[in-house]
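Just below is one structure, and these are the notes that go with it.
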Amino acid sequence: MANFVLQVPNSLRSFTISASASSNGSPPLSSSGSSGGGGGPVILELPVDKIRRPLMRTRANDPVKVQELMDSISEIGLQVPIDVLEVDGVYYGFSGCHRYEAHQRLGLPTIRCKIRRGTKETLRHHLR
């Protein structure tokens, strides 16, 4: 099992982040990345309620697709993490709307995320 250091902002230290291999067949995290910035994206489980969804949807999610994802997630777990941007300790989700809704509707407390760090300028770019 690999050991690594995870630096988490004080505001987020009140929850547990799982970084071990899951039982659904996804590969374990690599310990070769650096801690802090510059190491590329990191895959972690984040609390669903800690991810901000700043863009208003112009249309509703496809309910059939959400139900199919709920069935799949219940059976084998989430296979593809959602992309999340971390800026100053705050997590923003701009994609993975169907997967995010499926987790919410299933009442799951966390969701697997591919997290990359960004600046406020990066965030402004996503909000355009």
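Placed from the backbone N, Cα and C atoms, the Cβ positions cover glycine too.
Owing to the predicted nature of the structure, the values given are computational and were not obtained by experimental measurement.
Features as listed in TrEMBL:
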type	residues	note
REGION	19-41	region 'Disordered'
COMPBIAS	19-33	compositional bias 'Low complexity'
DOMAIN	44-123	domain 'ParB-like N-terminal'
BINDING	Gly96, Cys97, His98, Arg99	ATP binding site
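Summary: among the binding-site residues (His98, Arg99), the fewest other C-beta atoms within 10 A of the C-beta are counted at His98.
Assigned with DSSP, the residues of the domain 'ParB-like N-terminal' (44-123) fall into helix, strand and coil as follows: 31 helix, 24 strand, 25 coil. Other residues of the same chain near the ATP site, with their Cβ within 8 Å of the Cβ centroid of Gly96, Cys97, His98, Arg99, are Asn61, Leu69, Ile82, Ser95, Tyr100, Glu101, Ala102.
Taking each Cβ in turn and tallying the other Cβ atoms within 10 Å, the top scorer among the binding-site residues Gly96, Cys97 is Gly96. Confidence in the domain 'ParB-like N-terminal' (44-123), given as mean pLDDT, stands at 94.
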